[in-house]
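**Student:** The following block contains the structure, expressed as structure tokens.
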Amino acid sequence: MRVMERTFREQLCFLLLSVSVLRGGCRSLENNEISNEFYSLFNPEPRRDSPDAFMYRRALRCMDMVAVEGQFTFTAETPHLSCATFLMAEPSELISVEVDRVDIDCSGGDFITVFDGWVMKGEKFPSSQDHPLPLYERYVDYCDGAPARRTVRASQNVAMVFFRVHSAGSSFTLTVRKHVNLFPCNAISQSPEGSYTMVIPQQRRNCSFSILYPVAIDISEFSLGRHGSFPKRKMPGCAESEDFVQLLGGNGIDTSKLLPITDLCVSFTGPTHMKIACDNTVVRMVSSGSFVSRVSFSYRALDSQELQTIKLNNVEDFCFNN
Ligand SMILES: *[C@@H]1O[C@H](CO)[C@@H](O)[C@H](O)[C@H]1NC(C)=O
């Protein structure tokens, strides 16, 4: 179990290292020997300056992370049976990916599958509970052949491409684009610090904002409005409320498997400040659809001294205990 957890943590760090804004450290990696290749695998990538002048292009690796728009071409020199590309944009963006110039052997067992979200260690983000589509619709397989489905627009700022190719010389190109998302629901933070306001505009749905670092988090506001104003009637407490905010923590990415740290109801007067030494901290807002729900928070990664302090008083934090 310990080994699995460490591996999961390393995998998260591995992914997040590639996002050039990373400033905090990944605690579990500090004392491990990591080859230079591990770090140099993902150099910061240049941003595209003008939208149509040219596209950034580079080769795609079997395990890769893409956080910029551009064209990414995979060319196999040997069989690659288990490859994955993690795609990521800003929380206020949607990511789309087009698969083209494909030279693979679908009938020989090769595949390219785009997933609407991320999958790690069998866990999914967004969780099946919070995603607008049923699970089977979140997988789009290139080899199914419907050309209209060669461009997949994800429902949030993260998506993923799995692929397998058996013969040398097989190749394909991914074109990754970012789009403005007017009402972002689920998102993974690209950065270990920032601030965010999540709004659910009178819809019956639940949204999660996930931060894949141990963090100090401040929730400054949680409000319910209708047509921009506060509800007149007195709201019940959390227990009966259909509208509330949960702070969740744990070591996987599936928000439905995380443990609740605290619930905030409409009686919340804020601000609340917490330090959470989990690999994944999530702010999840549950909305009945009766109100315009809004939650605002800011966060930053915990430093190693803060983590040490929490570890020493580990009653405070269950992520070190489980
Ligand atoms: C939102 O989450 C709540 C509690 O976790 C659940 O009872 C409700 O069914 C969910 N709503 C939707 C639309 O998924």
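In case you wondered, yes, glycine gets a Cβ from its N, Cα and C as well.
According to TrEMBL:
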type     : residues  : note
DISULFID : C62-C83   : disulfide bond
DISULFID : C106-C143 : disulfide bond
DISULFID : C185-C207 : disulfide bond
DISULFID : C238-C265 : disulfide bond
DISULFID : C278-C319 : disulfide bond
DOMAIN   : 54-179    : domain 'Corticotropin-releasing factor binding protein N-terminal'
DOMAIN   : 188-308   : domain 'Corticotropin-releasing factor binding protein C-terminal'
SIGNAL   : 1-28      : signal peptide
**Student:** For C143 (disulfide bond), what is the secondary structure by DSSP, using just helix, strand and coil?
**Tutor:** helix
**Student:** Where C106 (disulfide bond) and C62 (disulfide bond) are concerned, what is their Cα separation in Å, rounded?
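**Tutor:** Computed Cα spacing between C106 (disulfide bond) and C62 (disulfide bond) is 18 Å.
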**Student:** As a quick check of your reading of DSSP, tell me how many residues in the domain 'Corticotropin-releasing factor binding protein N-terminal' (54-179) are helical, how many are strand and how many are coil.
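**Tutor:** Here the numbers are 14 helix, 67 strand, 45 coil.
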**Student:** Please spell out the DSSP helix, strand and coil residue counts for the domain 'Corticotropin-releasing factor binding protein C-terminal' (188-308).
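**Tutor:** Within the domain 'Corticotropin-releasing factor binding protein C-terminal' (188-308) the tally stands at 8 helix, 67 strand, 46 coil.
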**Student:** What's the most sparsely packed of the disulfide-bonded residues C207, C265, C319, counting other C-beta atoms within 10 A?
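**Tutor:** Minimum Cβ neighbour count within 10 Å, taken over the disulfide-bonded residues C207, C265, C319, occurs at C265.
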**Student:** Counting across all protein chains present, how many other Cβ atoms fall within 10 Å of the Cβ of C62 (disulfide bond)?
**Tutor:** 16
**Student:** So what's the mean pLDDT when you look at the domain 'Corticotropin-releasing factor binding protein N-terminal' (54-179)?
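**Tutor:** Averaging the confidence scores along the domain 'Corticotropin-releasing factor binding protein N-terminal' (54-179) gives 94.
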**Student:** Please compare the disulfide-bonded residues C143, C185, C278 by how many other CB atoms fall within 10 Å of each one's CB, and tell me which has the fewest.
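**Tutor:** Each of the disulfide-bonded residues C143, C185, C278 was scored by Cβ atoms within 10 Å; lowest is C143.
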**Student:** Tell me which of the disulfide-bonded residues C83, C106 sits in the most Cβ-dense spot, judged by other Cβ atoms within 10 Å.
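**Tutor:** Its Cβ has the most other Cβ atoms within 10 Å: C83.
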**Student:** Can you figure out which of C143, C207, C265, C278 (the disulfide-bonded residues) comes closest in space to C83 (disulfide bond), comparing Cα atoms?
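**Tutor:** Going through C143, C207, C265, C278 one by one, the Cα closest to that of C83 (disulfide bond) is C143.
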